[in-house]
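K.L.:
So TrEMBL says this about it:
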- 42-62: transmembrane segment (TRANSMEM)
- 53-295: domain 'G-protein coupled receptors family 1 profile' (DOMAIN)
- 74-97: transmembrane segment (TRANSMEM)
- 117-138: transmembrane segment (TRANSMEM)
- 159-179: transmembrane segment (TRANSMEM)
- 185-213: transmembrane segment (TRANSMEM)
- 234-261: transmembrane segment (TRANSMEM)
- 273-297: transmembrane segment (TRANSMEM)
Amino acid sequence: MSMLAPLRLLREPWNASEGNQSNATAGAGGAWCQGLDIPNELFLTLGLVSLVENLLVVAAILKNRNLHSPTYYFICCLAVSDMLVSVSNLAKTLFMLLMEHGVLVIRASIVRHMDNVIDMLICSSVVSSLSFLGVIAVDRYITIFYALRYHSIMTLQRAVVTMASVWLASTVSSTVLITYYRNNAILLCLIGFFLFMLVLMLVLYIHMFALACHHVRSISSQQKQPTIYRTSSLKGAVTLTILLGVFFICWGPFFFHLILIVTCPTNPFCTCFFSYFNLFLILIICNSVVDPLIYAFRSQELRRTLREVVLCSW
């Protein structure tokens, strides 16, 4: 096993001895407890794809003045958060490959220091990504329900304060997590934060979907065309399912892993679940790949700017 591993502090419970963990895993039995051997090349490939995608999003938003609005600033910050996930993953993978092939020889103390830095970077990007997903949901909610007052509610100054607050909170929380990772209260706060974001997005998007259905139903009844209502409801339900489904699938296993660390660190079946930690990291990286497709590339203006960026027509 490589000495450099991302989130090693959360990979397995600290209040269970190595022998107990091995016995528990053996007791659970079967190849299921061996986890998945995910090659470093897969981490590297997904990290590169995510990095390129999110770099394009940031470049397009910076280039086009029509995209200089709070909504796209939040999307830009989400892209930067996802880039941090990609950069930390790429750094970790490259160091592992270089060390495994003997190309890079570093003292153990330096490796541990680098490990802590990468852990902090990953934790900060996780918290900021979750935060900006919630901020984008709130921004969309204000856009729909307070359309006439949107520019007075979501001013540029408030948007800047929101973005600065998220980055500051992410940095502080990641530092606290790395420093006091043995305290269950810290993990409970992180789990509570995820559940809060899940409930927030669920309530806001379902409320927005209900309002959209009500408007379409009203228009359909006036025009006596119920087919329009059914088609729009189906599209809205699909969009809602994609938004919440991707969020839960990509983030849920990682936070369920944290819940098991707190609740059943020595249980054989929980120990088996811990062995799939790398798979949960892959899902988080996949979320960084999918986010631009959901939140950025659906904008026609941004897609047009992306084409200009790709064609280098600055």
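Cβ coordinates come from backbone N, Cα and C, glycine included.
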K.L.:
Would the transmembrane segment (42-62) and the transmembrane segment (185-213) count as touching if the test is at least 3 Cβ pairs under 8 Å, pairs 6 or more apart?
P.N.:
no
K.L.:
So which of 159-179, 185-213, 273-297 is most in touch with the transmembrane segment (74-97), counting Cβ pairs under 8 Å?
P.N.:
273-297
